[in-house]
Amino acid sequence: QGKKLSDALRISAYVFSTGLLMFTALVNSVSWFMQNLTLGNFWQTAWLEFYDYMEGDEWTIFLIGAALVPALAFWGFNGILLVADITGKPTFITRYRIQLGKNDPVDKKKLCKAIYTALGNQLFVSFPMVVAMFYIMKWWDNTFSKELPTFQWFLVELSIFTVVEEILFYYTHRLGHHPVLYKHIHKKHHEWTAPIGVVSIYAHPIEHIVSNTLPVMTGPMIMGSHIVSIAAWFSIALVTTSISHCGYHLPFLPSPEFHDFHHLKFNQCYGVLGVLDFLHGTDKMFRQTKAFERHKVLLGLTPLSESIPEPPKKDE
């Protein structure tokens, strides 16, 4: 038995070390290519040209990077989804619907309310917070540096941003499900049991501050990140949360099954990555469903609702 245990440990150590070396080599290769071959020089030159064009106006540069660029990413991505939600076309998108028969087509009154609320949150909540963030970031010397961070450092920052967001979002989101807070605040977001992309920021203003915006802003403020890193991270965060709410499990995009299940069942799947849900056991029901089997990146064109369908109901 001791020999078996020793062999198992040796094999595990070999597999882990090999995987770690391959991952490190891949990251270093991609990083070298991004930084040194073409893209690194391209982005550095583009940043310097933009910085000079703006005459080093840090206030305007920050607003463009932290507010305008992420907003364009959000509405550009959701604009495509809204066409599918309203018209049911193109069928290439609608055939990947998660909750079959829901939002087919979307209720236009509910949709208008969601859009107005989302715009209001962006203009009257997110924008003032971005202004406050500007003065906080002024404390850091590298936020408006003429030298861009390396691609390797951006990957490190991205990892830290993601962990910070996961921790803050999970606990503030779960707190929002406390009966007292849910009734007055978080219930608004859950009016959509079958969400669509724009619903990702359809929320009470307090929730938008505490659960939507602060978890995303905190990482860059801790790290004193460059405005280009902030613009990229904010855009990634907004598009990612839109994917989580979009209601379609589209090919080659992150799976939205996890958060879609949260909207369906309310008391499951509170986080973004699912790590804290696993540790706290708030994904046990989810793991027993077909949705969990479908919770993966779709690498083909056949909808997972077809290849992994829900079991027939007993009365059928």
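One-based numbering along the chain as shown.
Glycine is no exception: its Cβ is also placed from the backbone N, Cα and C atoms.
Per TrEMBL, these features apply:
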- 160-282: domain 'Fatty acid hydroxylase' (DOMAIN)
- 12-34: transmembrane segment (TRANSMEM)
- 59-84: transmembrane segment (TRANSMEM)
- 114-136: transmembrane segment (TRANSMEM)
- 151-171: transmembrane segment (TRANSMEM)
- 222-243: transmembrane segment (TRANSMEM)
* Residues sitting near the transmembrane segment (59-84): Cβ under 8 Å, six or more positions beyond its termini, same chain? -> 50-51, 90, 93-94, 111, 122, 126-127, 130, 133-134, 137, 143-144, 196-198, 201, 227-228, 230-231, 234-235, 237-239, 242, 246, 248
* Structure fact -> Averaging pLDDT over all residues of the domain 'Fatty acid hydroxylase' (160-282) gives 96
